[in-house]
Amino acid sequence: MPALAIMGLSLAAFLELGMGASLCLSQQFKAQGDYILGGLFPLGSTEEATLNQRTQPNSIPCNRFSPLGLFLAMAMKMAVEEINNGSALLPGLRLGYDLFDTCSEPVVTMKSSLMFLAKVGSQSIAAYCNYTQYQPRVLAVIGPHSSELALITGKFFSFFLMPQVSYSASMDRLSDRETFPSFFRTVPSDRVQLQAVVTLLQNFSWNWVAALGSDDDYGREGLSIFSSLANARGICIAHEGLVPQHDTSGQQLGKVLDVLRQVNQSKVQVVVLFASARAVYSLFSYSIHHGLSPKVWVASESWLTSDLVMTLPNIARVGTVLGFLQRGALLPEFSHYVETHLALAADPAFCASLNAELDLEEHVMGQRCPRCDDIMLQNLSSGLLQNLSAGQLHHQIFATYAAVYSVAQALHNTLQCNVSHCHVSEHVLPWQLLENMYNMSFHARDLTLQFDAEGNVDMEYDLKMWVWQSPTPVLHTVGTFNGTLQLQQSKMYWPGNQVPVSQCSRQCKDGQVRRVKGFHSCCYDCVDCKAGSYRKHPDDFTCTPCNQDQWSPEKSTACLPRRPKFLAWGEPVVLSLLLLLCLVLGLALAALGLSVHHWDSPLVQASGGSQFCFGLICLGLFCLSVLLFPGRPSSASCLAQQPMAHLPLTGCLSTLFLQAAETFVESELPLSWANWLCSYLRGLWAWLVVLLATFVEAALCAWYLIAFPPEVVTDWSVLPTEVLEHCHVRSWVSLGLVHITNAMLAFLCFLGTFLVQSQPGRYNRARGLTFAMLAYFITWVSFVPLLANVQVAYQPAVQMGAILVCALGILVTFHLPKCYVLLWLPKLNTQEFFLGRNAKKAADENSGGGEAAQGHNE
């Protein structure tokens, strides 16, 4: 900004020339025109003692000079003159202005406001029933600078529906259209500014802060808004207090010291200070004097650029200062404009021409800015000069400039102006102008602004940081905010080159949630999330359970998908059972092969011949049924498992039952009866018994499948990390009834052979059958408690094992001994050993008798 730098030097040179010389700056604060705009600017301030000692409603002297207020007033002058010199907005018309000093005091501001509301051509306000045709001295008012003053003037001007456009008042309450129907502003409301502040705190993880506000409407409302926004974002306010305005009384001093003590006790490193410049001046004065440890101060816009605060001695001791200022367009010619008018103020000829015009308002109001006419270099802070030279005050200057253009645009719309002229029928009244300002858009340099329904404009913010390059700070832009915060970390200066930490408790590790201690949510212990839950967000207070189809280990930040679990073919237990299947199936096939090879031998014939082979085939099918249990279950496999296992077993046990019945008959009945019954047990009737038993078992299986069909179930509760898919048995009682046929056959076999006495010199067939049935019962009786206690995932493996062990037991106890005789004891493979002498004789007699009868018949 070279032009602004030149302006700063020119201003300094002018002020040096102005030492001891009388200037005429105050006389430049009024200009005539077709329409007059009022202006309220903080050109000075008063001593607090003067207000305390005031006992009569007389004038209040403004003893201090405010350079910033002077620059803002000159920005309004420049905007008015720019509009008058152009033809884009008000061709053929001139705007005038009447600027007054608010002295930063409500009492002084009220007096100026009353002068604006006085009837044109007079200095008084008359009482009327209807003010519709009332013509005040000014058409609209620019200002004031502070929300405290705007709350007062806003109600004054709203009664007359006079448009008021503030360039700095940002209280959110001023957006209330019922109370302030004629109030507008060219800055965003404090709510937007505080949203930016909360975003800044979140960005640096500053969740343990103090919040202080000035003891006035501005500070109290700001604290209220900040508190609600901070709570919604998980930021804890360790201490919240109000700072009294600057006062030398002992009572006020005690309040300030109490605020400082409580901030120290809260052990915060960041303080949000939403206060007026006077309150901040009071707080920082005592903070520096009493040696408060440096903090990070997040400033409100009202004091971030205040020369009252920036020129405080030893201000650098307070620490780091950050704050947001609304962004505006640059006005590069403003430096030249200020330089020119300051030079004119020192020109005696120019001042003499102004003195020739009598200012009637000065008889009532007094001189507009007494301190402006005798300012000297020491009246202007070096920090303000540096910031102005660097273009750091352009946001406030532009806001004033834009406020003037908003009124000019509204007047342009009201008068229906075009590029050549305006339709001037009669003088425009303030309420007529106001009608055209609602939701109006207007141009100010490169920006297009628009008033919303609440009279606010939407503008971006610049994040400013105080940088100590001299006894007073200089503002540096270190970020922007337009709904999202963008920081320039390389431009930020921190003590020790480390970002301060302001947290009550450390950040929890991954997979941990917060358990609050006390009243503040930011003070907490970290608790691990248990298995099956996870931490969804870093600020969570409870662990979030995983979905049904997910799982998580302890201290998780996310859930993992559950893998399906079933008895897979590749599992070791399945592979072991498949090896056992091969063994049992191999033995059954070997026994079947030997039986077929020795089909005519007494051993095979005594064992039932075809029934013996049929039993071996059924035993093999019984073993093969285990192949239905491994793998991912399906509806078909679940339905087929029990029938495919029990029907072959019924066929096998029915043949063994016939063997047991024949053994019992031969041993316990007379020979004639025994021979007669044995002929039936070895003929067609024997197959009818097998068919009947199989039919009964098939009927039971059909009833089981129809009444209680097993189904594929997805079980989420059995395994912590997997989802179990298995065949669900809907009724264990019905499944037990499916076993009833086989159990009855086995019991009858055991009963028929256990009591039979063996005959000397004969093969003890009853012993093999007894042990075979014992193997059956031991297997399935052991199966019940084992199945009840094993995990559901491995219940199919238990059923597979029971089937194979049962088949192996029958093979080992009944079939393999016969194979042993066929292979290694062929001398015992005789009719006498397997059938006995009586049986052989009876067989021969039956054979001879049959032949004689046949010959007789022939």
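Quick reminder: no glycine exception, Cβ is built from N, Cα and C everywhere.
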Check: LEU684 and ALA766 same membrane side, Swiss-Prot record: yes
57-77, 309-329, 645-665 - the one Swiss-Prot records as transmembrane segment: 645-665
For ASN418 (N-linked glycosylation site), the one of ASN130, ASN203, ASN439, ASN482 that lies nearest, given that the glycosylation sites are compared by Cα: ASN439
Interface check, the transmembrane segment (645-665) with the transmembrane segment (573-593), three or more C-beta pairs under 8 A: no
Neighbour count (Cβ, 10 Å) for ASN85 (N-linked glycosylation site): 8
Rounded Cα-Cα span from ASN203 (N-linked glycosylation site) to ASN58 (N-linked glycosylation site), Å: 51
Criterion met for the transmembrane segment (688-708) and the transmembrane segment (736-756) (at least three Cβ pairs under 8 Å): yes
The transmembrane segment (797-817) vs the transmembrane segment (573-593): 3 or more CB pairs under 8 Å: yes
Nonlocal neighbours by CB distance (under 8 Å) for ASN203 (N-linked glycosylation site), same chain, sequence gap 6 or more: LEU485, LEU487
